[in-house]
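Engineer: Provided herewith is a single structure, encoded as structure tokens, for subsequent inquiry.
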């Protein structure tokens, strides 16, 4: 007697009128996915095999590579099935699991980026104390804390959606599951889920972004006190790779959030494209950025090739 039923599945979004291009889109996404997997696996292998890279900065880089691999793998294979085999349905349970992994891994990556910013701050502002503060044991504890923080803050998101009834229209805005996207399809009040989701993002990604900016303000103050421009450039150049990685993570994240909040009237292609950029661009760019900026990684990869 009612269309407000617990869903058995959701329908993944496609771009109207471009169904004939699905094979080409899948080929492009598959190429980017292979590039992301190859690059991040290469980073993990090089850091493990090169004793000179057994430092906190590169252990954080390994964490970043592992997170990017997990994030891409939790979404891209399902997207490729959709584009190649036109399997548009995803079960309610699988959607919630995918949502949990996407948001939790993003929170963990944000925490690791903050830890890398702190590492750069200590290395530049307190170089003599750096080995004593950021030991390998402290780095491992930070990694565990980042995982626990992501799980604790974002596990409630799918749990809050479980009891909600959903309308007969169950077509998502993306080709994978995001909290805001699924929540908008509910027929009951979503205020608790909305408030908690916004609070979780602000307390994790928002707070991390503020603390990263604060770290770089302190770094710039310390660098500006150096005697010569050459010393200033040399000191700040150690932060360039991290700044690029931070931008590669936060710019797509902010763009996707803005599309969800204010872009309801935008064409579906905008939502789908922003979603793919958010999932794949950081995973592809991060190993390239650090590969270009780190001579030891360059040499080792060239030797492998």
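Don't overthink the numbers, they just go from 1 along the chain as shown.
Every residue, even glycine, has its Cβ placed from backbone N, Cα and C.
Quick paste from TrEMBL:
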DOMAIN    39-290  domain 'G-protein coupled receptors family 1 profile'
TRANSMEM  23-46  transmembrane segment
TRANSMEM  58-85  transmembrane segment
TRANSMEM  91-118  transmembrane segment
TRANSMEM  139-162  transmembrane segment
TRANSMEM  194-219  transmembrane segment
TRANSMEM  240-263  transmembrane segment
TRANSMEM  269-292  transmembrane segment
Engineer: Can you work out whether the transmembrane segment (240-263) touches the transmembrane segment (23-46), with the criterion being 3+ CB pairs under 8 Å where the paired residues are 6 or more apart along the chain?
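Structural biologist: Result for the transmembrane segment (240-263) with the transmembrane segment (23-46) is no.
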Engineer: To the transmembrane segment (58-85), which of 23-46, 139-162, 194-219, 269-292 is linked by the most Cβ pairs under 8 Å?
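Structural biologist: The stretch with the most close Cβ contacts to the transmembrane segment (58-85) is 23-46.
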